[in-house]
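According to TrEMBL:
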DOMAIN    125-264  domain 'NACHT'
REPEAT    648-689  repeat 'WD'
REPEAT    729-770  repeat 'WD'
REPEAT    771-812  repeat 'WD'
REPEAT    813-853  repeat 'WD'
REPEAT    896-927  repeat 'WD'
REPEAT    938-979  repeat 'WD'
REPEAT    980-1021  repeat 'WD'
REPEAT    1028-1062  repeat 'WD'
REPEAT    1102-1136  repeat 'WD'
Amino acid sequence: MEAAGLNDVCPCLSIRGICDYSDSHKSKEWQEYAAATAAAFAREFIEKLPPTEDILASTPESVQQQDYWPQNEKYNKCLRDLRETDPCDDKSRIEETKGGLFEDAYRWVLKNDKFQEWHNASQGQLLWIKGDPGKGKTMLLCGLINELEKEHSSLLSYFFCQATEARLSKATAVLRGLIYRLVVQRPPLISYVEEKYEHAGKQLFEDGNAWQALSKIFVAMIEDPILDGLLLIVDALDECITNQEKLLDLIVRSNNVKWIVTSRNWPEIEQVLDRSTQKVRLHLELNQDSVCKAVEAFIGYKVEQLAKEKQYDAELKRDVKSFLAENADGTFLWVALVFQELADSKVLRKSHTRRKLKSFPKGLDLLYERMMENIFSLDDAEIYREILALASVVYRPVTLAELKTLLGPQYEDEYDELPQIIGCCGSFLTLRGDAIYFLHQSAKDFLLNKASDQILPLGLACQHELIFKRSLQALSRTLKRDICQLGHPGFDINDISPDILEPLDPIRYSCVYWVDHFQDFEPTRLDNNLRTGGDIHVFIKKKYLYWLESLSLLSRTTEGVKAICKLGELATRSKAPEPVTKLLQDARRFILTHKRPIEIAPLQAYASGLVFSPEYSLIQELFKHEGPDWINLKPKMDKNWKNCLQTLEGHMGIIFSVALSPDNQLIASGGSDKTVKLWDITTGLCRHTLKHHDTIHSITFLPDGQSLASASNTIRIWDTKTELCLRTLQGHDKHVSSVASSSDGQYLASGSSDRTIKIWSPNTGKCLKTLEGHSDCFTSVAFSPDNQRLVSGSVDGTVKIWDTKSFSNLQTLQGHGGAVRSVAFSPDSMRLASLSTDGVKFWDAATGLSLSKLGGFWPYRTAVAFSADGRRLALGNHESVIELLDAETSAILQTLKGFQGPILSMAFTGDGQHLVSGSEAGLVKIWALSVDAFPLTIEDHDEFVNSTAISEDGFRVASGSRDTTVKIWETETGTCLQTFKGHREGINFVTFSADSKRLASCSDDWTTKVWDIKTGTCLHTLEGDGMVNSVAFSANDQYLVSGSSGNTAKIWDAATGECLHTLDHGDQVTSVAFSADSRCLATGSYQMIRIWDIGEHSFKTLQGFIWTIISVAFSVDSLYLASGSHDHKVRIWDLEQCICLHTISVRENVVRLSFDLRTNSRLYTNIGILDFNVPNPTPDVNAESIGTTALLGLDWSSHCINIYGEWIVKDGENVLWLPPEYRPESLAVFKSTVAVGCDSGRVIIMRFS
């Protein structure tokens, strides 16, 4: 009680529960009060507490005004986005819909022994109220909420699930509702939400990881001491359709709070709730007497209401009450439905009431039957049947606008009367706002299970067919380009307000669900719609991109992926004609490839989607008239789709391991960002993100398909459905490099840097055995498919084979000249592959004999995997290439080029049709192995492009690659004109002369070469003092300067190739530039720039960097210098004072820059134009006076093209999304021309209007 008194004295002390003040502020004076509200510390705290006046005097105003804190915009925005529904409003609506809450109908439960047992429990306990439909569970809970709120002893949060309403039938919605109510009542609790919300925004609550994020927020929140004694209530668990199992599991695990839940008598719910060790069951069927008395009280209450309204006399009132009591059978819903009919305005006289009473059968199903008879006896019964049929079959409640679409034009005259027509179906349906819902889930169950022959006379499949046809007709009539008039191609989906989407209102349902209804057809009737020229074939040919745009506008692109995949499967299964199957295959490739940009900006379906699709794509050909007319020159694409089906982005670091679930439905990936991500292999959607405390080196699915093991410093076993960590295996002294499961699930093996293998029981988490034998760290472990052997590879260069019965070492295989990186068994357990820095060796798994070897130290092989049939072997290497080999002959069958980082892990799908890879670039790729993609065009470089430049006249692009070549491209056509060969190592930088007639290239081979652009002749080879990093021409083209790793900058006569000066920079030179008058030179390196007076060989130094300087440029009057560095910053320097005037943050490295000739406040860079503010050149300093007339007349200001990350930006607005493989390794922007050098060796050139 002392603690309670302390709260009276200092109620604000409870805020400690949220802030954890002692931890965050590390104050010793506060540490002993970490649990200050506990009675043990209360008295001592009060004694030390200063007088109130002193506290207030030293309290910041923001704390004193805490009452106003919840009103800040950050709090309000977070709360608005969190709110999907307010359960308080749902409760009011439910009570109003059901005719009000009658206390005597629920008060019996307050005295019930089971309720009292739960109520009096001091610790967290679960009360499960269960019963059949119509027994009044929901209203009982409404009453309990009212009673518990009156007590004021505990905080209360609740949620009402409803299967008939999509937003109330998801586990995530339940958590959002519970959290929302808690925050509304205790605003400081918003801090638990805001931490993640700041980074993710509204997507935190809605994306594929919403359950994980919300469940973690919820668990952390309910552990806060401010919520001590918390009561949580969830109604109708059986009506939580999406992720019900996850919700049930969370309820069982959250045993530090008290719960009340209700549901029907479903065994699957009981199975999970039975796991709770602190539960009380209240079975309504076992409390029939109490329920019946409550129903009788409810009848008395409703009869009194009705008697006043209808002016019953005493006899009629007694008869009505008696009839209902005799026939209700303890079912509230039956009573409510009868009263609804008796209250009808058409029931006027006593005789009407008595006649109605006699027509009501006993029992809910019989009552529903009678109501059906009434509806079918009405005029225009067909429209009632049609509406009931539609409501029963649709996958979510539809709006009135959607209902008009699905009813078809034959009922057009009835459209204005739809609310009244639905009112006539009031025993089954209700209109809530603009949407049509079932009055009760039991009504829908009755129509589908007991009355289907009446409302669906031609069968369920025919109703699906009808909805499909009407949906497709409506979509074909309505869909068009830019249906919501967004206008701009980069219009962000997050900036679209609901009113903009109004044109989609009639077809929202059809857009998302038309394929689902088609799938539920009568199988024999599918063929007609999948024929050449059939409805689906025509729709895809004419409306496909418009449909994708609309799906994006509705934030349902993922459903589009699923839909097109379903169509493809149905077409294959029904052996549809080739034109149809090929079109669907191409449509699938299109959406898988371009899903991301279309999700981000709907109109990118026509921009990025069409621009970056292959030349022979059927969708590209059909919709090329919709391509962007603001791109005058589009990049050259491959002839056909690449083997890469999907690139999955989301990891923030290296991916060390990928694995496939046994059913091939899930991909798991783990890496340096300390997460495991689970991806849907069909849609590419990230379903879950599981977090470790350290880098994840290895992952493997267990044979049950639901469990996953991941290895970092510990091993964690996860349930992939609930995202729960089932157990953590500890015992290794250092990080775990590899983890593998036996095919029978009996063992889990882990190899570690502590030079041991541990054998675990995955079921108990117990370590069964520790194996030692290698002299260095373990790198890889694998069980043979027959469970007879375990193989291990080590940094010591050996492979060991272990017996899985005794776990004794059978053999040690030697022969590698370096560390063994990976080991793998063939599916028949007969062969073994080991991969090392010196190549791949194949062994006889039984005898240990070496069978063959694929040698070669370069490129380094980094990953190995066998296909499920053992006929193919995949080898990944350091250069992003995967080779598919014949496992018997080692002949190369196929080569897959990824172009984004070394391949570190691979896994085949069970059917061998696909391969999944994870790379150092943090990308997961899904490859189609049955597709023979056209080879890369011979114009491409063989390796990534290090440098690109556009000539000053704008007619040519130069590209330099790690493949040692330089290529010259025509900007008018994007065609490669010439390839310059001569360098022995990779090219670091290329630059044009001011007159655009010559090109200089510098290389790791210690040389700079000067080329004649027209003839391709190498005019000079200039020898440097080391690897040459940078080269530049003077403004008048008389001189050339090169900077090298030899710590020098050399100035050359550009005409003769003679070295005129060698300047010692003192560190390797990474960037160089002449002043406009060629009197000064700037040289940049790590953390330093030197400004040289060339004639005097003197210099001054600019310092203050922490990154390498990669570009420098003088203003036209030589008063200022611009520098670009690896920290993505451009700095402007005053050269008189040697101080930095401006620091401009950009999103990419600026490797090439120059000042405008007329103003010192504008820079032209390889990523576009940068503006800032410094004084302009004096009138007597201009381009003509310093001999740069060739540069005059260039008007850049009217063309503002930039590249920021994944976007090409024009005039400040995103216009074109770049797929990962076309994002710049190097780039150049000149006027309206953009040249991008890619990791793949491709150079793409685009010119904008």
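Even glycines carry a Cβ here, placed using N, Cα and C.
In TrEMBL, annotation is done automatically, which means it is predicted and not curated.
As a summary of secondary structure, the repeat 'WD' (938-979) carries 0 helix, 21 strand, 21 coil according to DSSP.
Looking only at the repeat 'WD' (980-1021), the predicted model's pLDDT averages out at 96. When Cβ-Cβ distances below 8 Å are used as the criterion, the repeat 'WD' (648-689) is approached by residues 207-209, 211-212, 558, 561-562, 565, 592, 595-596, 695-701, 703, 705, 708, 710, 712, 718, 720, 723, 901, 904-911, 914, 916-926, 1220 of the same chain, each at least six residues removed from its ends.
Long-range Cβ contacts of the repeat 'WD' (896-927) within its own chain (Cβ-Cβ under 8 Å, at least 6 residues beyond either end) map to 643-649, 651-660, 662, 664, 667, 669, 671, 673, 677, 679, 681, 684, 860, 862-869, 871-872, 874, 876-884, 936, 944, 1220-1221, 1238-1241. Listed as Cβ neighbours of the repeat 'WD' (1028-1062) (distance under 8 Å, sequence separation of 6 or more from its ends, same chain) are residues 988-989, 991-995, 998, 1000-1004, 1006-1008, 1010, 1019-1022, 1068-1074, 1076-1078, 1081, 1083-1084, 1092, 1094, 1097, 1186-1188, 1191.
Across the repeat 'WD' (980-1021), the DSSP tally of helix, strand and coil residues reads 0 helix, 23 strand, 19 coil. Residue counts for the repeat 'WD' (1028-1062) by DSSP state, with H, G and I taken as helix and E and B as strand, are 0 helix, 22 strand, 13 coil.
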